[in-house]
Each structure stands twice: as structure tokens, then as C-alpha cells.
């Protein structure tokens with residue numbers, strides 16, 4: 001009996017030590033202010049971006065030296081989002097590696113709140129306040145204990161982690177330099193007050209990428225409203241290229257159901273990969289443009305860089321703090337590198353056609369000094385005589401300075417007796433093109449005085465006008 005009693009006492013002491021320690025350090029040794037911190041702070045290394053091999057423990061000063069924290073460099077704090085598996089997702093080491101490649105001497109800390117993030121979504125959403133408090137306590141401790149400047153701190157939060165980052169920023173003794181929200185979660189936060197979610201007040205500068213806002217407000221995976229100083233909506237912020245239903249069916253057919261969860265979060269997670277792209281391809285940042293609506297952007301009406309109307313996506317963003325949040329838009333490719341080249345095209349259709357034709361399909365081909373991009377499809381909602389139409393197109397390659405273009409009006413997909421009897425057509429004298437990335441405006445003229453574009457017929461060629469006054473650079 002005595003041996004059993006001793007065993008029970010020993011087990012009790014062992015269990016008590018487990019509940020009072022974290023990272024191998026007794027809670028009492030950490031100080032009373034830090035006992036309630038459940039989140040873990042792993043300083044990952046360039047050599048091992050996938051494992052949490054060394055933890056910075058609030059209240060334990062030697063842990064900072066043991067992990068070789070660099071006090072003279074930037075610090076990135078990465079905060080993950082909700083998880084089904086209770087494990088880190090594959091993007092975490094990719095982001096860590098990209099941060100170290102861009103800033104080799106920096107500190108990249110990964111916040112582990114997996115046990116709280118694995119609960120039912122509403123429960124995990126509620127835990128973001130506690131996680132934010134944990135992160136704020138850690139940052140305040142680093143600032144007070146080691147005089148580490150918060151100007152060197154950049155928080156990066158994905159999904160629920162974006163709101164945890166915002167709450168952390170609101171609770172630090174001084175503002176951190178920057179918070180990047182990577183598609184902040186929508187449910188439970190779309191209508192939340194600023195103190196409970198990411199907001200512009202949470203850091204000196206807050207930039208946000210919105211990549212999966214499809215659905216009604218409050219039900220979309222990503223938050224729809226702007227919550228930063230600069231809010232960027234790639235491809236309108238709804239679905240991302242390569243993440244559509246057709247792609248899902250193809251992947252399921254090829255690989256089975258194992259990758260379904262990846263497809264569901266494809267657009268949501270694209271925010272992370274866009275930011276990674278900005279770290280790895282610093283020479284060619286993607287450019288976004290301020291616009292009142294995505295509909296106006298699709299018409300090509302917003303490709304201006306005057307008065308901070310355009311900005312870089314991702315790490316090299318210009319830290320413009322407007323009085324109110326600015327919504328910015330851009331197109332991207334379906335895979336890295338994501339950068340594309342935007343063009344506004346304006347065409348005036350002249351003629352005697354009395355009918356208005358709807359949903360008309362066209363193709364345009366651009367030819368430049370470096371490359372060419374042919375048969376770019378676009379659709380005009382309506383086409384009428386003696387009206388000017390503006391629309392947006394983009395190329396996946398840099399074609400250089402524009403020299404020539406071709407325009408084709410495609411036949412309807414259905415048979416039309418009127419088109420068979422007499423193809424409708426318009427006279428076009430000039431086509432105006434503005435390049436978003438270079439801000440150059442070019443006017444293209446018909447080789448003859450006027451070109452006649454007919455539905456279902458051959459392409460019409462336009463060349464750069466000779467009058468130099470017509471071709472200029474505009475802000």
C-alpha cells in the first residue's frame with residue numbers, strides 16, 4: 001500500500017509539473033504576468049523552416065539568447081488561421097523561407113495556437129482575442145525587457161490569424177510598424193466593431209489582401225469590407241484563377257478526393273502565395289489600382305497612378321495612409337509569378353446600325369517591341385453605333401512598347417439568319433490604349449483612313465499613329 005501511495009504522489013507531482021510548465025520551463029519561473037499565455041512562439045531558422053525547434057518564452061530571458069534572436073534586425077510574426085487537422089498547413093514553411101530569403105538577417109517567429117484553432121469555427125473565432133492578448137504580451141515583454149523597437153515588428157496574419165494580429169496590435173504599448181492581413185476571416189467579423197477585428201488603428205500601417213469574398217456579407221470565407229489603410233482585391237477578390245469549379249472536377253478526376261480541402265481553400269490561401277510572390281520576385285512587383293468598384297475596374301477606368309492611385313501588392317507596398325480605406329484592384333495569373341500587365345482599350349464604333357447587340361465577343365492581339373500576345377478574348381455587354389466603349393485587357397507577358405494591334409469581332413455561338421444574310425459592322429478610325437504599368441498612352445490608327453470591322457469576318461489591323469503628339473506618357 002505504501003508503494004502505491006508513493007506512486008500516486010509521484011504521478012500527482014508529475015501531472016502538476018506538466019500543467020505548470022510550457023516549453024520545459026516552470027510557470028513560476030516565468031513570472032505571474034505570463035502564466036496565462038497558451039500560445040507558443042517559435043523562432044524558426046533559415047536552415048529549418050518547417051520545425052519549431054526553439055521557443056521564445058515570455059518571462060524567461062535566457063530563452064531569447066538560446067534561440068539566437070537578432071536584436072538589431074526586423075522581426076516577422078506569422079499567425080496561422082483556423083485548422084481542421086490541428087497541424088500547420090504547408091504554406092507556413094514556404095512563407096518562412098521566403099521571408100528569410102528576402103531578409104536573411106531577420107527573425108521569423110511562428111505563433112502556435114493550434115489547440116485553440118482546431119475547435120469549431122465559432123469557438124476558434126472567439127479565441128482570437130486571447131491569442132491577440134498572448135501576442136501583445138510577448139511583444140510588450142520584448143520591448144520592455146530587451147528594449148526591442150516595435151518599429152522593427154511586422155505581423156502577418158492569415159484568416160482568423162489576421163484578426164488575432166489586429167487585436168495584438170491594438171494591445172501593444174506602442175504601435176508595431178506593420179500588420180499584413182492575408183484574407184482576414186469573414187464569418188463573425190464582417191459586422192464586428194474595430195476592437196474585435198483587424199482595423200487601420202492596429203499598426204502604423206495595415207495592408208490587406210482579399211482573395212475569397214464570394215457570397216453574402218458575413219457568409220463569405222474572407223471579409224468583404226476594407227479593414228486596412230490599403231485593401232487590395234486581386235481579380236475582384238471573389239474567386240482566383242485556377243480555383244474554379246471546373247478545376248476542382250479535373251483535380252478530383254485525376255487525384256481523387258484527397259485534395260478537395262485544398263480546392264475549397266484555394267482562393268482563401270491565394271493571399272499567402274501572392275505575398276510570397278512579392279517576396280521572391282522583388283524586381284517585378286504586381287501593381288494594383290485604386291477604384292470605386294470592380295465594375296469600373298473591369299472597364300479599364302482606373303489605371304491611373306496619379307496621387308497614389310496605384311500601389312505595389314505585397315512586401316514592397318508604398319505605405320500610404322489615406323484618411324479612409326482605399327480599395328484597389330488588379331488581375332493576376334493562376335500561378336507564380338502572378339504579375340500581369342494591364343491595358344485600358346477605348347474604341348469608338350461609327351456606323352448606321354440601328355440595333356443594339358448584346359454580349360458580343362471580340363478578340364484583340366497586341367504586338368510590341370519585346371513580345372506579342374494574341375487572341376485575347378473580351379466581351380462587351382452591348383455594342384451600338386456612334387458610341388465609345390472602354391474595357392480592360394491584360395497580358396501574362398511583358399510585350400514592351402506597343403507597335404500594332406489586331407481586332408476581331410467573333411460570330412455568335414448560335415446561328416443567326418440576319419448575320420448570315422448581312423454581317424453587321426462598324427467603322428473604326430482610331431483605338432486608344434493606356435498601359436497601366438508604364439502609364440503610357442498610345443493611339444492606333446487604321447492603315448487606311450477608316451477600317452471596317454465586320455462580325456465574323458477577318459481581323460482589322462491598326463498601327464501606331466505617326467503623329468507624335470498623339471502618343472504621350474500620362475500620370
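Cβ coordinates are placed from backbone N, Cα and C, and glycine is handled just like the others.
Positions annotated as region 'Interaction with GPIHBP1' by Swiss-Prot: 32-53 (among others). Remote same-chain partners of the region 'Interaction with GPIHBP1' (32-53), defined as residues 6 or more beyond its termini with a Cβ less than 8 Å from a stretch Cβ, comprise 22-23, 59, 67-69, 77, 92-94, 96-97, 100, 104, 107-113, 115-116, 130-131, 134-135, 137-138, 141.
Taken from Swiss-Prot, the feature 3'-nitrotyrosine applies to 121 (among others), supported by similarity to another entry. The Cβ neighbour count for residue 121 (3'-nitrotyrosine), using a 10 Å radius over every protein chain in view, is 14. In the three-state DSSP reading, residue 121 (3'-nitrotyrosine) counts as helix.
In this structure, residue 159 (active site, nucleophile) belongs to neither helix nor strand by DSSP; it is coil. Annotation source Swiss-Prot lists active site, nucleophile at 159.
Counting only same-chain residues six or more apart in sequence, the Cβ atoms lying under 8 angstroms from the Cβ of residue 183 (active site, charge relay system) belong to 158, 159, 162, 209, 210, 211, 212, 221, 222, 223, 268, 269, 270, 271. Annotation source Swiss-Prot lists active site, charge relay system at 183 (among others), citing sequence analysis.
Swiss-Prot lists 191 (among others) with the feature 3'-nitrotyrosine. In this structure, residue 191 (3'-nitrotyrosine) belongs to neither helix nor strand by DSSP; it is coil. Cβ environment of residue 191 (3'-nitrotyrosine): 217, 218 lie under 8 Å away, each six or more residues apart in the same chain.
Of all Cβ atoms in the shown protein chains, 28 besides its own fall within 10 Å of the Cβ of residue 202 (Ca(2+) binding site). Look at residue 202 (Ca(2+) binding site): DSSP puts it in a helix. Per Swiss-Prot, Ca(2+) binding site is recorded for 194, 197, 199, 202, and the stated evidence type is similarity to another entry.
DSSP assigns residue 268 (active site, charge relay system) to a helix in the three-state reduction. The active site, charge relay system annotation in Swiss-Prot covers 268 (among others) and rests on sequence analysis.
The domain 'PLAT' annotation in Swiss-Prot covers 341-464 and is backed by sequence analysis. The average per-residue pLDDT of the prediction over the domain 'PLAT' (341-464) is 90, rounded to a whole number.
The 3'-nitrotyrosine annotation in Swiss-Prot covers 343 (among others). The Cβ of residue 343 (3'-nitrotyrosine) has 25 neighbouring Cβ atoms from other residues within 10 Å, across all protein chains displayed.
What Swiss-Prot lists as region 'Important for interaction with lipoprotein particles' is 417-421, and the listing cites similarity to another entry.
Sequence annotations record features per position, and here Swiss-Prot assigns region 'Important for heparin binding' to 430-434. Sequence-remote contacts of a segment are chain residues at least 6 beyond its ends whose Cβ falls under 8 Å from one of its Cβ atoms, and for the region 'Important for heparin binding' (430-434) they are 300, 303, 343-348, 402, 405, 407, 440-446, 462, 465, 474.
Secondary structure of the region 'Interaction with GPIHBP1' (443-467) per DSSP (helix as H, G, I; strand as E, B; remaining residues coil): 0 helix, 13 strand, 12 coil. The region 'Interaction with GPIHBP1' annotation in Swiss-Prot covers 443-467 (among others), and the record cites similarity to another entry as its basis.
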Worksheet item: Under DSSP, is residue 343 (3'-nitrotyrosine) helix, strand or coil?
Response: strand
Item to complete: Quickly jot the same-chain residues contacting the region 'Interaction with GPIHBP1' (443-467) by Cβ under 8 Å, restricted to those at least six beyond its ends, or write none.
Response: 349-350, 360, 363, 365, 402-412, 419, 423-433
Practice prompt. Determine the minimum-neighbour residue: among 197, 268, listed as recorded positions, which Cβ has the fewest other Cβ atoms within 10 angstroms?
Written response: 268
Item to complete: Taking only the Cα atoms, work out how far residue 202 (Ca(2+) binding site) lies from residue 121 (3'-nitrotyrosine), in Å, as a whole number.
Response: 24
Worksheet item: Between residue 197 (Ca(2+) binding site) and residue 343 (3'-nitrotyrosine), what is the CA-CA distance rounded to a whole number of Å?
Response: 36
Worksheet, complete the sentence: Here the 10 Å Cβ neighbour count for residue 194 (Ca(2+) binding site) comes out at 13
